[in-house]
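Record features, source TrEMBL:
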ACT_SITE  GLU582  active site
BINDING   ASP354, HIS581, HIS585, GLU611  Zn(2+) binding site
DOMAIN    88-133  domain 'FTP'
REGION    793-818  region 'Disordered'
SIGNAL    1-19  signal peptide
Amino acid sequence: MRRLLVASIAALGLAGAFAHSGGNDNLIRRRKTLGFGPVHPHAVYHAEPAYSSSSFVGANSDPYEVAQRFVEEITRDSSPASSFVIRKDSYTDKSTGVTHIYVRQYMHGIEVADGDINLNVKDGVVLSYGDSFYRGAEQDPFIPALARGLPDVHTEHCVSLFNELETRAIQIEELVTNEELYSTQGDQVALGRSDPSAIADEVYGDLPYLFDWNCAHVQTPFVMSYHPAFSGQEDSFGDPTRALLQFMIAATPNEKLAQKLQVNPSEYLDKMQSTWETHFVGGHGTISATVDNVPDAVSPVKAKAAFVQVPNGDSTSLELVWKFEVEMEDNWYEAAVSAALPHRIVSVVDWASDSPMPVAPIPPTEHKPGLYKVFAWGVNDPTVGNRSDEKENFDRAASPAGWHSLPYANDPLMLATRVKSGPKGETFRNTTTTWGNNVFAHENWDGRNDWMYNYRPDAGKEMVFDYPYDPQVTDRTDALDEAKKHINATVTQLFYTANLIHDLYYRYGFDEVSGNFQQHNFGRGGEENDAVITNAQDGSGYNNANFMTPPDGQNGRCRMYLWNTAMPYRDGDMEAGIVIHEYSHGLSTRLTGGPANSGCLGWGESGGMGEGWGDFLATTIRSTKKYSDYAMGAWAANRPTGIRNYMYSLNTTINPSTYKTLDKPGYWGVHAIGEVWAELLWVVSQRLISKYGFVDTLFPPEPLENGTIPEGDFYRPAEFTEAGVRKPLIPKHGNSLIVQLVINAMKLQPCRPSFFDARDAIISADQILTGGENHCDLWVAFAERGLGPDASVEGRTPWGGGVRTNDFDVPTKCKSSQ
Ligand SMILES: *[C@@H]1O[C@H](CO)[C@@H](O)[C@H](O)[C@H]1NC(C)=O
Ligand SMILES: *[C@@H]1O[C@H](CO)[C@@H](O)[C@H](O)[C@H]1NC(C)=O
Ligand SMILES: *[C@@H]1O[C@H](CO)[C@@H](O)[C@H](O)[C@H]1NC(C)=O
Ligand SMILES: *[C@@H]1O[C@H](CO)[C@@H](O)[C@H](O)[C@H]1NC(C)=O
Ligand SMILES: *[C@@H]1O[C@H](CO)[C@@H](O)[C@H](O)[C@H]1NC(C)=O
């Protein structure tokens, strides 16, 4: 069987043909991304309030104490060697009053990297919780894996992989024959309908890498000798470099390098140097190392010993792994690789994705406000409107110091030059470039990782960012230079759009404590020094865009590309929908599973929804009172129906997607999965809009001097509790309400959510915000596209497989709403 498969893969030109080079002007790196991991058959999300004898300790009790007792209770039957800690990135949402608590499991003091409990607590009650804790027998990390007698997951894994590959090979052949599929790769449109390698990309997703690495090598084991990883002492936990090298072979997009690593591993291993750090605090251990000189990594790799769960029937077993954080040119991986031979990759998440509350009194902004010639907020792309003069209309709650001011202490350029304060001892620096507290924007024609000293426009004292934008039709050979002539205008646009997204999401609750992107947090909690680095006209590719989201406290990175789909070239920076889609990866990744966990939306349905939220939010932001269908990326891709299979539409002829669509050929990749999720949300949002109407601006009114947010025509009249405390403000209109519910739900849902979990979290967010006023509307809308209460999936695989059943029915109490 395997021969046949390999033959059919080769026949499709698949091996090594994963990136489309977008043009001849520039040598494009082969782009590759890995994302997979085990399913957790035992993981649950309880969306209904959970009362338990010991957890309900009164409405005024400390939510952390409630959580502590609750977790003790639900883990009472676990092995005595299992323990847990409440993570420091837990927080209370200022608007809803819900405390989002993230709990991590430990086994014999070693972290279980995917043993997560997230609890949503309010007034002493656990409103909902997700739980993927390991419940099996104790496992001692100091006893070698072989002696522990783990099931041979390696073989099982390969068998299911072979089966899945075969299914997909058949699908590809059908697709190529039927010429049915508009294929997308990354956020990239595959030009030409039946380009087999593009279709193969979409259908195979990450599988060939997995196949190639984890299973092909079963037959031809890696040349390394068995490393005695464990000898009973904590400091001889083994050496992460071999496991890391094995990961790099799979991860590097450079095939020549991958070969060299396999032919002569010791040459590279000798150069890799580990610096060890081992702490045991309160019985919880961190055995970690920093590894320098890792081939193809752009910074030292962090390595940490941990357990991860691998499926074992209906439950899981623990496998000891090295957990790596690997920053590369085009990827930023969190990978778990078996500590013992064979060093298989158990899971890998690429942090790169292709694609209202009382506030503290606001300090006045000091600097002269910026003026920008841009496509104004709401103008999605150049087909919708012309550029206009727009002020630095920052939101005072979201960006108290404006977009061009940040403390010397948080400014990477000042840190590099050791300037600690202004000439008169000022702590804040005013900038005259596209450099500020939320966003750093600049060109990146080289397509490399350097960014600090890249070119960015300087508007001088007057702060007028007014630059021409009139790209001309040229010969193809001159098209790139022609695009580059407009860098001032495109960087200005990128800076403007990204700052407004920051401000908008802030007002719906993506704030400092929940992990937003800012250099300075104004004393409002959360980790600092993580503004978004945005690259305009990034030279590492064409026809795409991507966003890397490391955990809170490390800069997000957004790369926007040129599109060679038309003459003159189209610049992704000029299409707001693409920038919003990308930034939304940062939003959903930081909010799901907590600010410090960037590994919750890595693959399968979760990874797909990571794409879907971006499409949905971009589409909602551009939509107007008069209903219309919308496409994603239509201008950049130069295709009226955009880069997805269908436009977002209520009309089932135009967009027939239902939950079961996920079973179809071509729906293995995260973008296709995301498209289905975004369509579901679009149907839900239109139902709320028909109930509550539409508001023209999604920006809530600015807070008053004393920090109170006026209701304006934006929120319903404020309500107060018996104690006189103002209840959370509820957006009055359908479009603002759905944005609020979707963002609140991201905070409620568990790590690695399924479609069901994300749906239940939205319904639960409505319960918390409005007391469940829209319970039936939400069910009716989800059920319209098959995601009713009895929708189900059998035999789900980590790669998006499984057989789904639609449910178009609604809960009994909602029948009359249909
Ligand atoms: C920033 O601008 C304001 C107002 O123009 C000025 O008062 C302040 O001193 C400036 N800060 C620095 C460090 O120059
Ligand atoms: C831009 O302005 C020109 C000239 O006023 C006008 O003809 C054109 O329709 C405008 N374009 C859009 C997309 O509004
Ligand atoms: C960008 O603007 C500056 C003036 O602010 C100008 O000197 C420079 O030539 C412009 N760059 C391009 C490529 O036009
Ligand atoms: C749905 O779209 C199809 C195809 O464009 C069109 O023929 C049909 O009239 C539309 N239905 C509704 C209800 O608008
Ligand atoms: C804030 O100011 C507004 C308007 O001046 C006032 O109505 C409101 O009561 C004040 N709120 C607080 C909490 O002081």
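Using the three backbone atoms N, Cα and C, a Cβ is placed for every residue, glycine included.
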Revision key, fill the gap. The correct three-state DSSP answer for GLU582 (active site) is helix
Check your understanding: What is the one among the binding-site residues HIS581, HIS585 whose Cβ has the most other Cβ atoms less than or equal to 10 Å away?
Key -> HIS581
Point to revise | Helix, strand and coil counts within the region 'Disordered' (793-818) (DSSP) | key: 6 helix, 6 strand, 14 coil
**Study point:** Alpha-carbon spacing, GLU611 (Zn(2+) binding site) to GLU582 (active site), which is rounded to whole Å
**Key:** 9
Exercise for review: By DSSP assignment, list the helix, strand and coil residue numbers for the domain 'FTP' (88-133), in that order.
Suggested key: 0 helix, 31 strand, 15 coil
Exercise for review: For GLU611 (Zn(2+) binding site), just count the other CB atoms lying within 10 A of its CB, please.
Suggested key: 29
Point to revise | Those recorded positions in HIS581, GLU582, HIS585 whose CB falls under 6 A of ligand 1, listed in sequence order | key: none
